[in-house]
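Worksheet: the structure to be examined is printed underneath.
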Amino acid sequence: MGEASPSIAKDVTELIGNTPLVYLNKVTDGCVGRSRAKLESMEPCSSVKDRIGYSMITDAEEKGLITPGVSVLIEPTSGNTGIGLAFMAAAKGYKLTLTMPASMSMERRIILKAFGAELVLTDPLLGMKGAVKKAEEIQAKTPNSYILQQFENPANPKIHYETTGPEIWKATAGKIDGLVSGIGTGGTITGTGRYLREQNPNVKLYGVEPVESAVLNGGKPGPHKIQGIGAGFIPGVLDVDLLDETLQVSSDEAIETAKALALKEGLLVGISSGAAAAAAVRLAKRPENAGKLFVVVFPSFGERYLSSVLFQSIKKEAESMVVEP
């Protein structure tokens with residue numbers, strides 16, 4: 001992990017972390033509180049999962065569980081964790097096999113293969129549970145293999161406790177009132193939230209999940225379009241007792257908010273960032289939150305979603321363009 005410094009990084013791992021925060025200014029009509037976005041889209045591989053790609057591999061190495069050039073790493077992913085692991089595996093010399101629901105974007109498939117990962121697609125109707133099961137099947141027949149288990153691995157929230165939390169606390173000069181984060185594995189909000197609560201017990205922690213798969217609110221798992229959150233089960237690394245509230249955002253609202261962030265704020269982000277922003281704006285409109293500062297995590301860059309429903313209409317428009325004489 002890197003530290004803020006003008007020096008040249010020794011390798012790509014030193015580029016991870018220390019992402020900037022920026023105020024949301026144009027999608028905030030009716031808000032009485034303020035929102036700052038933590039731009040994890042500016043990680044070296046464009047997502048918050050770069051942090052846990054680094055932490056889970058490094059932790060396993062330090063414990064003697066894996067060895068470069070010998071161990072085969074296996075992991076179920078919705079895409080971004082896979083990419084975070086893939087660039088680390090390439091840099092360190094590991095073979096990596098990933099299982100991923102076929103509903104995830106084409107960009108994810110291409111990027112994973114560009115880093116040399118072996119990719120196995122699973123039934124999209126089975127969601128992440130199907131990807132997890134397939135990963136376990138592959139491990140059972142693969143010698144020298146190791147599943148990193150992002151949904152259960154303590155190294156996931158630990159890296160956010162050690163880096164994301166302190167970064168936010170420092171950037172806001174300790175004036176943060178609430179953290180808003182979409183919940184995939186739950187590692188970001190658990191680790192970051194623990195650190196922030198230790199600094200100020202009054203900091204509120206707000207999760208975000210798809211309304212179509214509102215498991216944390218007692219609902220049933222279901223298909224949705226917000227890639228990266230709403231796994232359909234409660235992950236082991238998520239500390240649900242930390243959460244003050246988990247807001248529900250529909251796929252359509254997440255998509256429209258992500259589009260608005262590009263058009264009004266100049267921020268090209270993914271669908272889960274749209275979901276988190278929609279939740280943050282909703283919170284900032286509540287009268288009791290007047291004058292309060294929310295930090296909302298934007299997990300990934302929008303270019304990873306060009307083939308997805310997020311840019312479907314624009315893609316069709318671009319494809320139908322003709323050359324002007």
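Here the Cβ of each residue, glycine as well, is placed from N, Cα and C on the backbone.
Record note: Swiss-Prot gives GLY184, THR185, GLY186, GLY187, THR188, SER272 as pyridoxal 5'-phosphate-binding, and the candidate from ASN18, ASN25, ASN80 in that site is ASN80.
It is 6 Å from the Cα atom of ASN80 (pyridoxal 5'-phosphate binding site) to that of LYS49 (N6-(pyridoxal phosphate)lysine). Sequence-distant contacts of THR185 (pyridoxal 5'-phosphate binding site), defined as residues of its own chain at least six apart whose C-beta falls under 8 angstroms from its C-beta, comprise ILE52, THR81, GLN150, PHE151, ASN156, ALA231, PRO235, VAL237, LEU238. Taking CA atoms as the reference points, LYS49 (N6-(pyridoxal phosphate)lysine) and GLY184 (pyridoxal 5'-phosphate binding site) are 11 Å apart.
Sparsest Cβ environment among the binding-site residues GLY184, GLY187 (other Cβ atoms counted within 10 Å): GLY184. Spanning the residues ASN80, GLY184, THR185, GLY186, GLY187, THR188, SER272 that the record associates with binding pyridoxal 5'-phosphate, the maximal Cα-Cα distance equals 15 Å.
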